[in-house]
Amino acid sequence: MKFCYKNGILDWRIVVLVFLLYLLHALTVKILVVASIIAICESGILLFLALKRRLDLYLYTLVIILATTFEFPMFVDESLKFVPSIIMLPLISGYFFLLLSLWPLPKMLGNGSIWKTISKKFPFLFSFVSITLVLGIVMGVLSLFTDSTSKTFHFSFFVKDLMILGVFNVYALYFMYSSLIYPQFKQKLELIIFSVLVAMILAALFVSLVGAKGFYGTNEIMLMPLSFFFSTTIVFFLFYKKYSNNHFVLLIFLSCITFFMQFAYSNALGGKSWLVFFLILMTCLIFWYKRAKLKLILGSIVVFLLFPFLLNIVEKKTDGDSLSSSKLVQALSLVSVVDVDWYTNLPLSPKIRIEELLNTNLEFVKHPSFALFGKGFGGGHQDYRYAYGGYNPAAFSLEEYNNEYFIRMHESVNTIFLKFGLLGLVLSGTLLFRHCLVCNKSPWLVLGCLWFVFFWGYSSSLMSIGLSSLFIGIEDVRDK
């Protein structure tokens, strides 16, 4: 694969390719026959690269396809039974992608020396993905036979977790392995991911301006792959000379676009997008403090002091009609902990996430043998606090409600704690702590850590950018 470097950072051919692929997916996502044909063709391309045994080209192509892929019907149109993609093909669902994802493993498992090298080069990431992969399988089998839930129901979610959580870990191993086998792998992946970020912002703006919409319940939202979440993070690149020196005007332009869309359009991940927006404000505050920009610091402090009033104004203006505004209310509610009735008044969406953590604690109190290593793939908990209410498709699946056993969590920390127990929390906490300390050395670590905190185990589209960014950031720091 030949690359057209622009200071080793940006390739406009990739930008055009991703832009067109985004449009293709967006314009056909509701036409199941056409979307299915596209998904089959994309799967065929990946299969061809797998048969050619070119892991580097396979991963580059996979990242581009997944970044532009629509995954969940609830963020497109709830009337759709499923959204065709490489991870959800007609008739065979995700089984093809699961099998396709395993093709490099036999060669890797047969090379014992490579694992020692990987563990030394990526000690924290390798420890997390390898240990949790083993824990997920072993503890998942144990919980399958010891829990009182339906074995058929439990096994189906064991397979689903393996397809998502297990595959995430496997691809992390592939990235680390490829960095040893292909000398320019990291540089080329960085070029691709940055080009993808640029293209996603431009394509999302174009799709929104032409009036293409998705639906989240009854609310109109941007028709976007979930990877668009990373669009607002483009502003972080302005704080790093490698990018700002070469692409300052482009980064300013893209940052303005993303902030405009954040305020003008609702999106599927609005709550977390607002949290990232607040994080950007805090980052600017720290940056200005170091540069002694007192006026800007005072302005930022005023903004934070006005949060409670802003929350009150937003609530009065929206009355729950605007998804974007309601997500802003939820995000502001999370930081309004000084309110004595904070938890009582907390909106349902963030409250369910807190209840997941509390119910997981109660699950381990009742079954302490699982507390250290978790319940593995397919493992879940009951609603001990009766907080999940009646069936809510935005919260849990109908199968989980019917079996009164809840498996798919909404936050990374809840998923890791439930599936891998206290050991999983220690491993993930160590990984985050060590890499957050050096985020000032690479913007990719910022993106990667955000993905790990918010979305590990949730979406393949988010994984394409998040996992790649985490890998690139770790390599950046090691090189420096």
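Glycine too: its Cβ is placed from the backbone N, Cα and C atoms.
Those TrEMBL annotations? Automatic predictions, nothing curated.
Summarising the annotation, TrEMBL assigns transmembrane segment to 9-25 (among others).
Per TrEMBL, transmembrane segment is recorded for 31-50 (among others).
Annotation comment: TrEMBL describes 57-76 (among others) as transmembrane segment. Through the fold, the transmembrane segment (57-76) approaches residues 1, 14, 17-18, 21-22, 25-26, 29-30, 42, 45-46, 49-50, 82-83, 85-88, 171, 174-175, 178, 188-189, 192-193, 196, 200, 214-217, 221, 223, 225-227, 268, 393-394, 459-461, 463-465, 468 of its own chain, all at least 6 residues removed from its boundaries and within a Cβ separation under 8 Å.
Look at TrEMBL and you will find 82-103 (among others) tagged as transmembrane segment.
Annotated transmembrane segment per TrEMBL: 124-145 (among others), in sequence order. For the transmembrane segment (124-145), same-chain residues at least 6 beyond its ends with a Cβ under 8 Å from one of its own Cβ atoms are 118, 151, 154-155, 158, 161-162, 165-166, 168-170, 172-173, 176, 370, 373-379, 416, 419-421, 423-424, 427-428, 430-431, 434-435, 470-471, 474.
The transmembrane segment annotation in TrEMBL covers 157-177 (among others).
Residues of the same chain lying 6 or more positions beyond the ends of the transmembrane segment (189-209) and with a Cβ under 8 Å from any Cβ of it are 3, 5, 8-12, 14-19, 22-23, 26, 59-60, 63-64, 67-68, 175, 222-225, 227-228, 230-231, 233-234, 243, 250, 254, 257-258, 261, 264-265, 444, 465, 468-469, 471-472. Residues or ranges marked as transmembrane segment by TrEMBL: 189-209 (among others).
The transmembrane segment annotation in TrEMBL covers 247-265 (among others).
Summarising the annotation, TrEMBL assigns transmembrane segment to 271-289 (among others).
Residues or ranges marked as transmembrane segment by TrEMBL: 296-314 (among others).
For the transmembrane segment (416-433), the list of distant contacts is 124-125, 127-128, 131-132, 135-136, 139-140, 161, 165, 356-357, 360, 363-364, 370-377, 379-381, 409, 449, 452-453, 456-457: same-chain residues at least six beyond its ends, Cβ to Cβ under 8 Å. The transmembrane segment annotation in TrEMBL covers 416-433 (among others).
Under the heading transmembrane segment, TrEMBL lists 445-474 (among others).
Ranking 9-25, 31-50, 247-265, 445-474 by CB pairs under 8 A with the transmembrane segment (157-177) puts 445-474 at the top. The list of residues near the transmembrane segment (247-265) in space but at least 6 beyond its ends in sequence, with Cβ under 8 angstroms from a Cβ of it, reads 7, 9-10, 198, 201-202, 204-205, 208, 221-222, 231-232, 234-235, 237-238, 273-274, 277, 324.
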